[in-house]
Every structure is written in C-alpha cells, then in structure tokens.
Amino acid sequence: MTSCSVCEKMTMATENPNQTVVSHFFLEGLMYTAEHPSLFFLLFLLIYSITVAGNLLILLTVGSDSHLRSPMYHFLGHLSFLDACLSTVTVPKVMAGQLTLDGKVISFEGCIVQLYCFHFLASTECFLYTVMAYDRYLAICQPLHYPVAMNRKMCAVLAGITWAIGATHAAIHTTLTFHLLYCGPCHIAYFFCDIPPVLKLACTDTTINELVMLASIGIVAAGCLILIVISYAFIVAAVLRIHAAQGRQRAFSTCTAHLTVVLLYYVPPVCIYLQPRSSEAGAGAPAVFYTIITPMLNPFIYTLRNKEMKRALKRLLCSSFQESAAGIPPP
C-alpha cells in the first residue's frame, strides 16, 4: 500500500463547508530514514531507552537521596520528568513509522493531542530553564538571602507556575491551529504534528496564525532567553569576584551544565519557528536536537558536571546492589 492510497482514505465527505474533512494525517518522517528503516528503528529505540532510563534514574536519585534537597535538584527532577515525557510524545511514533506505512498515519484527534502535549511540555521546559537560571543567580549572587527567597514553598509555587503557563500557552496555539479548515492534502512533511507543517495543510489563510505564532513563541522564547542571559551575566560577575579557585570552579561547574542544555534547547527552535513556511521533511533535522537528542543528553550533562549527583548515583546503585545481594526487595 502506497502513501497515496493511504491518504485517499483519510478524508471524509461532508456537506458543511465549515467542517474539517481530513480524518487522518500522514507523517512523512525524517529524511533519509526510509532507506534503512530497521537500522533507524533500532537507533531510535536505543535513544528512547537511554532517554527514559537516564531521566527516570535522575528523578529516582533526586527523590530518594536526602543530600539532594536543595532547590536546584528539585527543579532538576521536574526537568527530568519533562524530558522523559517530551521524548515519549514524539519518538514512539517515529519508531512506528519505521516499521510499517500505517505507523506513519495519525488520526486528526491524535494530531491535536500530540501537538498540544508537545507544546505543553516544551513551553513548560522553556520556563523551567528560566526558573533554574534565577535559582542559580540567587544561590551565587545572594547566598545569605537564598534560603529565605528559595524556600520549599517558593520552589513549589515557581514549578507550578511553569506548568500552568505551559499548559495555557499550548492550549492557545492548539486551538488557533485546529479551528482552521483542513480539506486536504493530508501529508505532513515532518516527523510529528507541529504548528508550521500542520498550518501548511490548511485550506484557509494562515497569515494571522503565523503572525500569532511568531509573536507569541518569539516573545516567550526571547523573553526567557534574555532573563537567562541577564542572570548569568550577574553570576559570572559574582564568580569572578570569588578569590578561592575551588569556589570559582564549583560555581562554574553547576552553571556550565545549565548553559549547555539551554543552548542545545533554544537554537533549533529559532531555525524552525522563524521560518514557518519552510517546513519540508528536511526541516525536521533541527527539531531532532531538542525533541530527541537533548532529552537524552540532559542526564549525562547534569551528572558528569555535578559531583554531588555522581556521589548520589553511586550511593543509590550501591544500596540497590547490596539489597539485591542480601535478598531484600527494593523499597
């Protein structure tokens, strides 16, 4: 069965011109992966397994180790959960598309859910990076004020705000995208349902949607990035005033990991959302970094650059090994 014959079954007749007539979409996937589907299926399976296992291990370590009770690790737990979920929204569907042609088909409702979940998680992660930068700013620039300003209640409030804003931001864009008329074609030149490639299939004018997308996502991303840059400008200035070399090294080590992840996360979306009309299958390459690669790398970046995390992981693994050897079931 070809993609054309599949696509013919994805539209439903209707007498009401205002109704959406597309019932399913066909995800074309990533360029060049169709030549060796089995190889890429195994590759994505490996990446997905490492992503979920790594982030869940970070989440388990942060939640179980009494030495990791600072706000930084509280937010890191949220980030690990977001990364595991973000990868789950896209990668399993990509893997299904490598196995069969039907695996590339997604229902209209499924496309709505995938687009909402993706932007909900991605937006929340964007705001969370900003909160994490603010946390580092308070910890390094105002250490005496830090325990009061970033107490347990404040951590919970800031984390809750990031999730609430992310949910609202995603709901607005999902509503604006799917209130349009989609009457065919049904081929999405991308590997998941995202705003630019979906808008390209609309049968009505999408100028307003594109302007809102550029303004909203641009303002959100630029605003968060500016706040992060300002926070780290103050952090660098404060660190340079530290006389002890060990103190400077420790301060920079906790911040380098965060800056590395921020760069990996922010650069690809700029290439995608500033050019909404250039959504061909090859345009999915930049999105691979922040939807598939970055969630996999985050556990390694935060663990390898953080001595406390490495010690906590060793304690967790040693404790689990000792309990297994003694025949004690894990808690």
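Using N, Cα and C of the backbone, Cβ positions are placed for all residues, glycine too.
TrEMBL has this to say about the protein:
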DOMAIN    54-302  domain 'G-protein coupled receptors family 1 profile'
TRANSMEM  39-60  transmembrane segment
TRANSMEM  112-134  transmembrane segment
TRANSMEM  155-172  transmembrane segment
TRANSMEM  211-239  transmembrane segment
TRANSMEM  251-267  transmembrane segment
TRANSMEM  287-305  transmembrane segment
Cβ-based contact of the transmembrane segment (287-305) with the transmembrane segment (155-172), 3 or more pairs under 8 Å: no
Interface-richest range of 39-60, 112-134, 155-172 toward the transmembrane segment (211-239), CB pairs under 8 Å: 112-134
Surrounding residues of the transmembrane segment (112-134) on its own chain - C-beta under 8 Å, 6+ positions past either end: 72, 75-76, 78-79, 82-83, 85-86, 89-90, 93, 106, 158-159, 161-163, 165-167, 169-171, 173-174, 177-178, 192-195, 198, 220-221, 224, 227-228, 231-232, 258, 261-262, 265, 269, 290-291
Remote residues contacting the transmembrane segment (155-172) - C-beta distance under 8 A, at least 6 residues beyond either end: 71, 74-75, 78, 116-128, 131, 216, 220
Overall pLDDT for the domain 'G-protein coupled receptors family 1 profile' (54-302), taken as the rounded mean: 85
